[in-house]
Amino acid sequence: MIGASKLIRIWINARVYPAIAGAEIINDAVIVAKEGRLTFVGPASALSIDDRDAETIDCGGRLITPGLVDCHTHIVFGGDRAMEFEMRLEGSTYEEVARAGGGIVSSVKATNALTVDQLVQASLPRVDTLLSEGVSTLEIKSGYGLTIEGELNILRAARALEKVRPVRVVTSYLAAHATPPEYKGRHADYIADVVLPGMDRGHAEKLIDAVDGFCEGIAFTVDEMRRVFNHAKVLGIPVKLHAEQLSNLGGAKMAASYGALSADHLEYLDKEGAEAMAKAGTVAVILPGAFYAINETRKPPIQTLRDAGVRMAIATDCNPGTSPLTSLLLTMNMSATLFRLTVEECICGATREAARALGILDTTGTLEVGKSADLAIWNIERPAELVYRIGFNPLHSRVFKGKQVST
């Protein structure tokens with residue numbers, strides 16, 4: 001018998017989808033958490049507990065999954081890019097918008113005009129929308145500063161968001177996102193003057209959990225990203241990469257050679273790149289919001305990824321220009337409908353594999369003893385409903401680190 005205390009919470013009368021490979025739904029399930037950590041997940045018949053002093057929550061037969069993980073966002077920014085949306089409707093491509101001075105650079109001015117506190121306030125409505133759909137963990141990238149201070153302010157805002165909302169924030173340093181106008185044609189100088197010293201400062205301030213980059217014809221070359229990743233390696237910071245979104249430069253293969261946590265987008269990934277990712281354990285992060293928003297026609301090679309044994313995560317890619325999306329539930333539906341991911345691939349892609357893509361699978365992403373008690377409790381009969389519905393939020397309540405934080 002487990003001795004209970006007021007620090008123990010017990011969820012009874014539940015059905016549990018643990019998101020563990022090969023595991024089935026546990027009916028008539030019980031979840032026990034102590035001091036925010038899971039101590040039991042399984043059938044009620046397998047547990048004996050003295051619950052006189054514990055808080056017991058009757059789930060009414062609802063389905064419980066791990067709290068969702070959005071593993072790729074640019075959610076901290078100022079302004080919007082609705083005008084570019086109109087440009088694309090009139091026929092301009094993503095590359096044409098970027099080469100005309102729009103795209104990422106156009107968000108920089110609006111973002112750098114805000115203080116850290118103002119960035120937090122601007123981002124909260126977007127963050128709150130994701131949390132309302134069961135998200136417990138959120139990755140946030142810099143990339144709209146393009147100066148040392150601008151990049152670090154975005155990361156400071158990301159850290160601050162974790163203090164004002166019940167959410168786990170994982171940060172990525174993305175100074176190698178674009179070059180500002182004053183460095184046009186001088187990528188090497190920008191890397192030397194901004195990217196590398198900014199990484200040093202961010203690392204010293206404990207603002208950086210991973211280093212990211214945009215490897216593409218309109219951004220940085222493979223060799224330029226190697227320079228950035230070599231510096232991250234010296235500092236002991238994990239890396240990840242936006243790769244093969246608009247063309248195949250071999251970025252995913254290069255990232256895999258550094259043991260990258262993930263390579264993201266991947267519409268133009270080839271078999272060689274997929275095999276390199278599989279060998280390195282690099283997760284493929286699929287981003288249907290960007291594919292949809294820029295009216296892309298080339299889909300990521302899902303079957304090639306499956307055949308190679310690459311694990312797949314999905315994410316919103318929430319950003320002001322190419323994926324103004326704040327619904328991980330809709331992202332699941334897009335992944336299934338546009339890219340033919342299975343229900344299991346979608347749900348595990350927004351939980352287990354998303355946590356793996358952030359390097360935090362030991363903390364969250366599945367419902368297993370020892371992990372954080374991050375739960376999403378749903379008013380649904382079967383898991384497929386999370387993927388099947390469009391524009392409907394069936395969340396009943398959210399639990400973060402063992403505490404109910406929203407209904």
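Each residue's number is its place along the chain shown, starting with 1.
Note: Cβ is positioned from N, Cα and C throughout, glycine not excepted.
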Which one, ASP317, ASP362, ASP374, is listed by Swiss-Prot in the same Zn(2+) site as HIS72, HIS74, HIS242?
ASP317
One of TYR17, TYR144, TYR190 listed by Swiss-Prot as binding 4-imidazolone-5-propanoate at the site of ARG81, HIS177, GLN245, THR322:
TYR144
Candidates HIS242, ASP317, GLY321 (binding-site residues) - the one closest to ARG81 (4-imidazolone-5-propanoate binding site) by CA:
GLY321
How big is the Cα-to-Cα gap, in Å, between HIS242 (Fe(3+) binding site) and TYR144 (4-imidazolone-5-propanoate binding site)?
15
Sequence order is fine: just name those binding-site residues in HIS74, HIS177, GLN245 with a Cα within 10 angstroms of ASN319 (N-formimidoyl-L-glutamate binding site).
HIS74
